[in-house]
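Chemist: Quick one: the structure is below, questions incoming.
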Amino acid sequence: MKLHEFQSKQLFARYGIPIPRGKVATSPEEARAIAKELGKPVVVKAQVLVGGRGKAGGIRLARTPEEAEQIAEQILSMTLKGLPVRRVLVDEAAEIQAELYLGLTIDRARRRVVAMASSAGGVDIEEVARTTPEKIVRVIIEPELGLREYQARTLAAGIGLDRSLWASFTQIALGLYRCFEENDATLAEINPLAVVPGPALLALDGKVIIDDNALFRHPDLAAMRDEDEETPTEREARKYGISYVQLDGNIGCMVNGAGLAMATMDIIQLYGGRPANFLDIGGGASAERVAAAMRLILSDPNVKAVLINIFGGITRCDEVARGMLAAFEMVRPRVPVVVRLVGTNEAEGRAILQQAQGVALYTATTLVEAAQQAVRLAGDGHGSSAISGPEQRQ
Ligand code: GDP
Ligand code: MN
C-alpha cells in the first residue's frame with residue numbers, strides 16, 4: 001500500500017526527519033488560509049499516488065496566499081496520469097541549494113535491505129539510475145545489526161556531502177531505517193532530500209510503500225488507505241482476500257495457494273501457453289469468492305480460457321465443487337473452463353461438477369493434463385492432443 005506524500009512526511013517526522021511546515025487542503029480557500037498561516041511563500045503540491053508530479057505541473061510555487069488559492073484551484077481540477085487530484089499539500093517553500101536522494105528498499109536477490117543515496121536527486125533519479133548508475137551509492141544492511149552509523153557516513157562520503165552535514169545526514173538515514181523497519185515498509189524514499197541555507201537538510205518529498213501482508217500489524221497505517229486511488233480490480237481483489245496480479249497472457253488462472261499458483265503458471269508456460277494472471281484465491285472457496293475470482297479473471301478481455309487448479313485439503317473438494325456451481329450461476333464464464341480438482345473427496349467433487357449447466361467445462365485429474373487442455377483451448381502453444389480428453393459439457 002502506497003502512502004501519500006503528506007502521510008509519508010508525517011511518518012518521517014515521528015522518526016526525527018526534518019520536514020517543511022505545511023498542511024493538506026481540499027479546497028482553494030483552505031489552501032489560501034494555510035498559506036496565510038505559514039506567512040511565507042509556499043509550494044502547492046498535488047497529492048496523488050503517481051510519480052513525476054513536478055514534471056506534470058502538479059507542483060507549483062506561490063508567493064502570496066492569493067496566488068496559493070489560484071494555483072490550488074488549478075491543481076485541484078487536474079488529472080495526473082488518470083488520477084483526479086482531490087487534495088493538495090501546502091508546504092512552506094524551501095530555498096533549495098542541492099537535491100539529494102536517499103532511499104531504502106529490499107534487494108530480493110541479496111535478501112537484504114539496501115540503502116541508496118545520490119547527489120543527483122530530484123525529479124530524474126530513474127534517469128540517473130539508468131544512465132549513470134555510478135552516481136548512486138549503496139550499502140547493504142545486515143538485518144541483525146540494522147543500519148549502522150558508519151554505513152550512513154559511507155553514503156554521505158560517497159555522494160560527496162559537505163562534512164558539516166554528515167551528522168544530520170546520519171540522523172536522517174538512521175531515522176528512515178527505523179521508519180522502514182518498524183512499519184514493515186518495502187520502500188521508504190526521500191527525493192529530494194534538499195540542502196537548504198544553514199546549511200541544513202530537509203525532506204521535501206516522501207514516498208513510503210507498506211507491505212500489504214503486514215498491514216494487520218499497523219491498523220493506523222491501514223486506516224490511511226485511499227480507496228479512490230485503487231483500480232476497481234485491486235479494490236475487488238482486496239475486498240475478497242484474493243491476491244490478483246494481471247499479466248499479459250490469455251489463460252486465466254484460479255488457484256488456491258501462492259506456491260501452487262506459481263507452479264500452475266510455470267506448467268502453462270512449459271506447454272507453450274501464457275498465463276493471463278496470478279490469482280491465489282486464499283483459504284476456502286466459497287461461492288462468493290469463486291465468483292469474485294471469476295469476475296476478476298474475466299474482466300481481462302485477453303482471457304481465452306480459464307484454468308482452475310484447486311487442491312482440496314481442509315476445504316473438501318465437494319464443497320469447492322458446490323461453490324463453483326453456485327459461482328457459475330452468478331458469473332457465467334464466456335470462455336471454456338478447465339478444472340483440476342484433487343484432494344479430499346475429489347471423486348464427489350468431480351461428480352458434482354458434471355452437473356454444471358451452460359458452461360464449457362472440462363475436468364482434468366493431473367496438472368499436466370489440465371495445462372495442456374487450457375493451452376489447446378486458448379488456441380496457442382503446442383498443447384498435446386494425445387491425452388485422453390476430458391469431454392466437453394454444455
Ligand atoms: P515529484 O515530482 O512527484 O517527485 O515531486 P517532488 O515533491 O519531489 O517535487 C519535484 C520538484 O519540485 C523537486 O525536485 C524540487 O525541484 C521542486 N520543489 C519541491 N518542493 C520545493 C520547494 O519547497 N521549493 C522549491 N524551490 N522547489 C521545490
Ligand atoms: Mn520527488
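Note: Cβ is positioned from N, Cα and C throughout, glycine not excepted.
Where the annotation comes from TrEMBL, it is an automatic prediction and has not been curated.
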Chemist: In TrEMBL, the residues Gly313, Ile314, Thr315 are said to bind substrate. Which of Asn213, Asn250, Asn256 is said to bind at that same site?
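Modeler: The one candidate that TrEMBL places in that substrate site: Asn256.
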Chemist: Please state how far apart, in Å and to a whole number, the two most distant Cα atoms are among Asn256, Gly313, Ile314, Thr315, the recorded substrate-binding residues.
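Modeler: Greatest Cα separation within the listed binding residues comes to 12 Å.
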Chemist: Which binding-site residues out of Ala94, Asn256, Gly313, Ile314, Thr315 lie by ligand 1, going by a Cβ under 6 Å?
Modeler: Ala94
Chemist: Mind computing the max CA-CA distance among Lys45, Gly52, Arg53, Gly54, Ala94, Glu99, which the record assigns to ATP binding, rounded to whole Å?
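Modeler: Greatest Cα-Cα span of the listed binding residues: 19 Å.
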Chemist: Anything from the binding-site residues Asn191, Ile314, Thr315 with its Cβ under 6 A from ligand 2? List those in sequence order.
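Modeler: Among Asn191, Ile314, Thr315, near ligand 2: Asn191.
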Chemist: Based on DSSP, name the secondary structure state of Lys45 (ATP binding site): helix, strand or coil.
Modeler: strand
Chemist: Which Cβ among the binding-site residues (Lys45, Arg53) has the fewest C-beta neighbours inside 10 Å?
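Modeler: Each of the binding-site residues Lys45, Arg53 was scored by Cβ atoms within 10 Å; lowest is Arg53.
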